[in-house]
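Record features, source Swiss-Prot:
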BINDING   127, 131, 132, 133, 252  (6S)-5,6,7,8-tetrahydrofolate binding site
MOD_RES   236  N6-(pyridoxal phosphate)lysine
SITE      235  site 'Plays an important role in substrate specificity'
């Protein structure tokens with residue numbers, strides 16, 4: 001590397017160094033600015049979180065934990081990780097936090113590694129009922145390495161069948177029971193899960209990845225008083241960078257989780273991501289975050305009400321969280337078709353199975369909607385009522401159109417863009 005090239009290495013901007021990638025990122029920024037994000041697992045982070053994640057901490061290796069690293073030069077990344085840990089403990093009122101997992105899936109894997117042996121039995125919610133891949137789906141490592149007993153929801157109201165959980169726990173005596181899911185919109189009775197676990201001597205693990213921000217703000221029940229261990233992502237309703245975390249009130253179990261994360265599953269932690277987690281946790285400790293989380297729930301309920309008024313079914317009859325799971329069968333539409341037409345109209349969501357869904361997993365009878373991202377950009381109940389009406393307009397157009405919904409999509413897309421421009425994001429980027 002000559003001197004001129006070396007000096008440019010530290011000064012060239014992305015637009016000059018890699019224009020193709022720069023343009024892709026600019027296009028993604030425009031997409032986020034001009035579309036309404038309704039994917040329940042997505043959110044929009046603050047400028048401060050972006051800055052921390054794009055900082056020089058990306059250069060630093062820091063295997064181990066604060067004060068016990070396998071590398072030198074960790075004085076300042078130790079500060080970042082300690083801030084993240086202490087803020088997480090304050091946020092959730094717990095005694096232990098590990099902020100190193102790269103994802104929620106790896107946080108779950110770490111708990112399995114700490115508490116189970118290959119071939120052990122655990123219980124989790126069936127993916128088809130609203131669970132998660134890592135809760136024992138056959139295609140996932142959790143379903144390959146362990147014996148999985150799945151529980152579901154009742155046919156009549158689509159709520160967790162606690163009697164089934166209890167009966168299966170007594171029959172199969174799992175070593176671990178998982179509560180939580182990725183498409184379950186209602187409150188979960190964590191105390192009842194703990195009673196079931198205690199009766200058979202099992203650990204209770206709660207995966208609150210979807211609900212963490214709501215839990216932190218006190219608008220959704222906390223699992224921490226009941227669970228032996230809680231895992232979560234740090235994005236979704238918590239509004240931080242994409243990553244994972246493990247929480248507990250048992251420091252002795254915490255030692256096992258630490259060893260499972262490192263050296264069990266991971267090597268060097270991503271210190272720039274951990275710094276961004278610290279920023280997000282600090283933001284969530286502020287009073288305005290509670291108002292945000294309450295708005296997330298209020299907005300989701302308004303959205304659900306407007307969709308019902310428009311002739312759609314809502315799984316479980318409503319929501320206690322940010323998730324609105326929509327059954328499209330009243331309009332004779334599939335989730336695959338609905339996802340595509342809504343995206344063409346400027347609203348992104350994901351196709352999702354509904355309980356006892358007759359369609360294939362890549363087709364589905366439903367879509368999953370969420371309120372966190374649009375609430376972050378400033379949408380209130382009036383805007384979510386409008387969004388609900390726009391969704392119905394697009395879906396009704398598709399139901400009438402024999403597959404060509406272009407006219408409705410174009411008309412609604414202009415309304416979506418106008419609505420988004422009233423609530424701009426990242427004006428300085």
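Glycine is treated like the rest: Cβ placed from N, Cα and C.
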Around the Cβ of residue 131 ((6S)-5,6,7,8-tetrahydrofolate binding site), other Cβ atoms within 10 Å, all chains included, total 25
Densest Cβ environment (other Cβ within 10 Å) across the binding-site residues 127, 133 belongs to 127
Rounding to whole Å, the Cα atoms of residue 235 (site 'Plays an important role in substrate specificity') and residue 132 ((6S)-5,6,7,8-tetrahydrofolate binding site) are apart by 16
Whole-number Å distance separating the Cα atoms of residue 236 (N6-(pyridoxal phosphate)lysine) and residue 132 ((6S)-5,6,7,8-tetrahydrofolate binding site) is 15
Close in space but at least six residues away in sequence, with Cβ under 8 Å from that of residue 132 ((6S)-5,6,7,8-tetrahydrofolate binding site), the same-chain residues are 124, 125, 180, 181, 182, 207, 209
All chains considered, the count of other Cβ atoms within 10 Å of the Cβ of residue 236 (N6-(pyridoxal phosphate)lysine) is 27
Using a 10 Å radius on the Cβ of residue 252 ((6S)-5,6,7,8-tetrahydrofolate binding site), the other Cβ atoms enclosed count 8
The largest Cα to Cα distance in Å among the residues 127, 131, 132, 133, 252, listed in the record as binding (6S)-5,6,7,8-tetrahydrofolate, is 31
Residue 235 (site 'Plays an important role in substrate specificity') falls, by DSSP collapsed to helix, strand or coil, into coil
